[in-house]
Structure formats: C-alpha cells, structure tokens
Amino acid sequence: MWIMAGSLYPRTSRDLMDYRETDALVMDYSDSNPAQRSLTVTNTDDESLLNAMIDGMGTHGAQHDLNGYMHSFEQSDHHYEDANDYTGASNVMDTLEDLSLEFGKYDDFHTIDWLRDIARDRMHHRQVVKKRQGGLWRRLKGAHDAWSGWVCVLLVGLAAGTCAGIVDIGTSWMSDLKEGVCLDAFWFNREQCCWSGSSNNETSLSEETDCGQWHSWSRMFGVEGDGTGSYFIAYSMYILWAVFFAMVAALLVRMFAPYACGSGVPEIKTILSGFIIRGYLGKWTLLIKSLGMMLTVASGLSLGYEAPFVHVACCCGNIFSYLFPKYSRNEAKKREILSAAAAAGVSVAFGTPIGGVLFSLEEVSYYFPLKTLWRSFFCALVAAFILRSIKPFGNDYLVMFSIDYNEPWTLLELIPFILIGALGGLFGVFFIKYNIKWCKFRKTSRLGKFPMFEVLGLVLITSLLSYPNHYTRMNSSELIRLLVSRCGPEDNSELCDYNRNSDLSEPYKWSALAGEGVGSAVWKLTLALLFKMIITIFTIGTKIPAGLFIPSMAIGSIIGRLVGIGMEQLVVNNVDSVFFSKICESQDKCIITPGLYAMVGAAAALGGVTRMTISLVVIMFELTGGLEYIVPMMVAVMTSKWVGDAFNRDSIYDAHITLNGYPYLDHKEEFTHTTIAADVMRPRRNDPPLAVITQNSCTVEEAENLLRNTEHNGFPVVVSRESQYLVGFVLRRDLNLAIANACKTSDGVVSNSIIYLTEQVSCDPNGPAPLKLRKILDLAPVTITDQTPMEIVVEMFRKLGIRQTLVTHKGCLLGIITKKDVLRHIAQLRNQDPESILFN
C-alpha cells in the first residue's frame, strides 16, 4: 500500500492511496520488500545555504521562517530550568527532556526539512562557539567540531581510493582468468605474470609463445596450437567463467544487498535532493557493490564500474559521517559529505579529480555551496592520490586512456566532429528510449520476478556472441584504449594496416591508404557497434552492479573511429582537392588522426546519454591528457546535447528517476504554467477537512485517536475548531514521542489531560495534570496564500527544500501543499499519469 502526502483518505481500492500532510511520500511497510527498508543520506550548507535560498526566493518570508525556526529550536534544544514551568500548576511535564536523540529524526522513505536542519545546525554552532570561552578542553572540543568536516572528507577520500584500487586490480585478474591462469602465481593477471617471468623488457602479450608462465586453458588441457580443439576449449571456458561471475554477483546482490544493483546514480541524486532511503548507503551495500562490480565487469557483460564508484564512495561518506555527531544527527549537513564523496567516486573511477568535482556539481548534487566545493576538491584529490599510489593501471599515469600524440587538427575537421556529436546525441535518444521501455516491461511482466534468469540469459547471449569478434571479446576499457590510440612502429593490429611510405620522415605521423586489415577491422567494428548498442539496452537495469559510462564511451569511440577512418581515406584519396589544402602539406603528407575522432566520439556518446557538458569535457581532458583537443570535444559534446534535447530533455538518470517514481524536483527545469496554490492544495472541494490540533483544548485521548486513525506526518495547530487561525505546525513523530514520554514518566497524565501548545497554561486543581508541549511546536511554518502562483511555490520547494507549505486565506488555514502534490501537478500538466509518482 502506498502512502502519499496531501490528502486524507484512500482514493482507489487498487492503490489505497493516502496522502500524508507533511511528506512527499512514504511506503507502507506491509507490502514492501524488507530489503527496501534501509539507508540514510544527506547534503546541505548552514548559513550560506539559507542565504542562497533567500536570495533565490527574493522574499522576506524566508527570513521570517528561519527566525521562527531558530526561536523554536532555542526553546527545544535547552532543557527547562524548572520542569514545573507553567502558571498555577506543579506537574506539567517537560516531555522532551529525554528525547534529545529522537527529536527531529526522519523515518524511512521521507523527505528532510532543510530549513529545520539548518536551524538545528546554527543552534549547534552557537553552542560550540559559546563553549569555546571555557577551559582548554572545551576549546579543543570546539576545534574538533570545526575541523570534523575536513577530517571526514579525508577519511572518505582514503577509503574511496583504496576501494577503487582493489576493485581495479580484482577486475583485471578476474577478466584474464577467463582466458588462462598463471601457474607460478595464480593471483597475477596475464600482464603481471608475463613481466614477472621475463628476463628482458621485450615481453609481448600478443604472442603466447613469448610468455611461458601464462597458461591458456587450451594449454592447461594439453591442446597446443591454434586449431579447432584449442578454439573450442577457449570458447567454452570463456562462457563458463562469464556465467559463473555474473551468477555469483546476482546471488550476492539478491541475498545480502538488494540496493547494490544498478549504477546508483539516480538514487544518489534523489538522496542528495533530501530523500531518505535507509540502507542504501550501508556497509553491506558497500561490500557487495564493490565485489559485485569486479564480478560483473569480469563476466564480459556490456557494463562498467565507473558510475557505481559514485555509489561506493557515497557509502563510504555515509559510514564515516556517523563518526562525527555534527553530521550523523543532521541529515542536511550529512549531504555535504555525500556531495564530496560523489566527487571522489568519479575521481577514482577515471583518475579525474577536477572532473569529479564538476560532475558532483553539475549532475548529482541538489545544492553545492562554496564550502562543499572546497571539501569536494580535497576529497577527490586525496582519493586520486591514493589511487595513484596503488597504480592499478600498471603504469605511471593516473589516467586510464593516456595518449601520446598531439597532432594538430584543422577547422575543416569541425564538420566531422559535429557529425560525431550529432550521432552521439541520436544514440543517447535511442538508448534512453528503448532502455526505459525494456525496464518498464521488466517491471510489469513476469520477467521482473526472476532476475537471476534474466542475468543468466544475458550473460549467455553476451558471451556466445562476443567471443568470435575480437573487438567485443576484449574488455570495454581495453577497446577504448585501443581505439583512441594512434598507430606506431610496434603496432601490428588490423587497425594499423596501412600502406605507408617508408621514405618519409616519421612515416607513422602521416596518413596513408588503408590496407586489407583496416577494411576487415571496419567490418568487425561495425558489427561490434551494432551488438553493443543492442545488448547494452538490455543489460543496464538488471539486478547486478552496472554502470553505463564505459559502455557508452566504447560505443562512441567505435563511431568516432569509423568516422575518422572514413575521413582519413577521403583526404588521402583527394589530396589535390582545395578543401583539404590545410590538412595536406604535400602529396604524401596529410594528417588525420583517427584516434582523435574516437576520443571525440566517446565524449559525444556519453554526453548524449547523460547530457553532461562542462564536467564531461573536463573528464575527457583529464582522462586522456589531450589538452590540445578540448575544442573538438566541446563542439561534439554541445552538439550531442542539443540533438538529444531536441527529442527529449531527460538524461538516462532523470528517466530512471521518473520510471522509479522517486520524489525528485529537478531544479534545472522551469515551471511556466499559470496555476495558483488553490488549484493544487489539499483537501479538495469534496474532501474531508484537514486533521488539525487545537492549541489549548485538545486532550491526550483525542491526540492519540488522531495519531491512530491518520497517517499524516504532521498536523497544523489552530486556535480552536471554530477559529481556524493558524498557530503553528507539529510533527507526528515529535507528538507521538512526547505523549509516550509523558505517560511513562508521570502518573498525573491521563487520557483527558489537556495538551497545551501555548506559553500560558491554565490549571484546574480538581482536574487532571495538563501537558505542556510548547517545545515541539514549529512557530513559523512556511505559509502561502491561496492566490500564490505555483511558479513561486515550485521555487520555494526547490530552493528552500521544504517538506510542505500551509495555505491560508486572511490568516485562516485552508489546506496544505506537499512536495508530492507539486510533482503530481507537474505530471498532470505534462499529460502524464500522476499516479506514477510513487516509490516503487
């Protein structure tokens, strides 16, 4: 059963919808998967966030709201000097005296209240500053609180870099295990095995005879040579190992950490926007995700582990944040650490610390203040340094696809670069459309009930079809590295089979006519392109750790290399054309670098799928070291985004957020409609009235009945039933805890005790003891009038990060608007199904 915010009673017998008044959405645990009930996360700044929010709103009401929050927390964060603080009574309970750890927490699948958490952090900061005036110990505690953020991101960077190094090394070993084993040291991959047993520096990994320490599986079974028997054994062992790796990964995810599947980026974006998913960033998710990434990539499936590194790093950030009370007890502050962790995740995925910071800023973080920018950079730098120390790529470079050429490019080549960008954008549209269709089919069909069989079928098909083609058999990262490189004297692959003029100085610098090998490679790459485009659609979204950065880049690099080869042969065969006068110095001296086109294609395809721009260009620059090729990459990435946005503005992550029904308000989109708050608020005209609490006439029994009979996450407080003038707002959790605490600690509180949410408490000597709960009352809830344009309301939810806003008319309470209501309203305006806004 789904519980959503905004209404009071079930709407249909199928969904049993119930809108909660104070949250965007909550799932009833009775029908939910137990594995889906776990995690906590967070991100925000303190005063700088508030100021930015107020500037974005351009209103005076936001400052008033904060002042009210501060006033409320000044009351609630300090214990009464006298527990019997009321007029004419001696037994009014201080119900929050024992609730310091529980007060203000959020339940699973709830949205956080950014203003509330900011106010709590400012109170905490003022208390720390005040205590610094004491002795040395208090000053040290204050200093610890000040540097705790830097210490936390330092630990996150160390952990993220270490995890990345282990995953890279483990993946390389498992991938080579499909082809053979090193008998002298089975924990070595092929490269390490050959180099460890070589007596010179001329070891060639392309010829098995040059590496006696490495034993292929055909050689292990006693079959030498390249005959049919050897091929059959190698083919069979390749399939068996691939199936084994994929099935183990699927079993681990299903049994121990269901949240470890997928890339995790859509969920991280939702979490950073203020949503709570407990367990999504837990220690079991971290462990299974890391191990599953190695297994799935080694299986040869069309996926990568670069995007899942964002999830892994955020798991580290969430775990380490619990060592510091400043972040563990404040969900908004915790999101500062998670934003820095996301930057570290991309930093270790590609070895690109600056690109990681920009990725966190552009793609995943909902709010990114200057303080978080500095810490994200520091965290990404530490993570990259640790990864560089481990040297998982087996070289002295931090980057994954370093290039060693800097051949110039001409303005005429911008035309094929634009073409590559357009093809990348079209690929992104094609991939997003059909991947979402397949994921919808998986959700609504019997296939979704058997994820293990789906993984088994995929890995069987992938391994059977990929092994015969050398370009699909090799690891996607190796394929990209091959395609973006240029041909040299030591290269004897098909891609380098050119009829070069050896009489020229530096013959490998100049373009030449293609030989038969290049023609064969073009056909194989075309088949590899079609295969990877199709199989990736079905792979992304399965119940195993899977990222789409590397598969998208591999597809783009194939497109780019093919266009580069075509451009190269066009120029070489028409050297006398006036169009190519800037490219060719003479008859035999034309410079076209197909590796550059592959690099541009990788950026274009990834941009078409993710719709990243600035961060993607910086990532590609850091990834390859190609400083001179920034302009071609910028042209291709922008073209890719424009072409993709012409069909659909959603990236693959936004599309999956919509598919899963996460309560995410995209701050990049504009709201241009002319509706007003009265059109969206609950209750509607024919709905029952709002459930409210009166400030000084509600009894404990009435409050308990209200809590028992409703599912709302909070209740407006009004003067009386007759006078609906708004006083404040009280959260369901706080009211429940306060009443329970009072009943446990006092015998004077009975069912007909009056609950007072005012400063003054009237006392009846002959009546039951009253209950003073002023401290749980939010005196300054965010309010709007019924005529407020929804454009302003949407901006309030985006920039203030509020959970709900109360709608009034001349001071009287009319209704409530929640984040869920806003999402449903936007869906209706787009002619979409508003019932799809669910947490599935």
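Glycine is treated like the rest: Cβ placed from N, Cα and C.
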Of the residue ranges 337-361, 737-761, the one that TrEMBL records as transmembrane segment: 337-361
Segment assigned the feature transmembrane segment in TrEMBL (from 272-291, 452-471): 452-471
The transmembrane segment (411-432) touching the transmembrane segment (627-644) per 3+ Cβ pairs under 8 Å rule: yes
Averaged pLDDT, computed only over the residues in the domain 'CBS' (681-746): 86
Proximity of the transmembrane segment (411-432) to the transmembrane segment (337-361), 3+ C-beta pairs under 8 angstroms: no
Three-state composition of the domain 'CBS' (681-746), taking helix and strand from DSSP: 24 helix, 17 strand, 25 coil
Number of helical, extended and coil residues in the domain 'CBS' (773-835), per DSSP: 26 helix, 19 strand, 18 coil
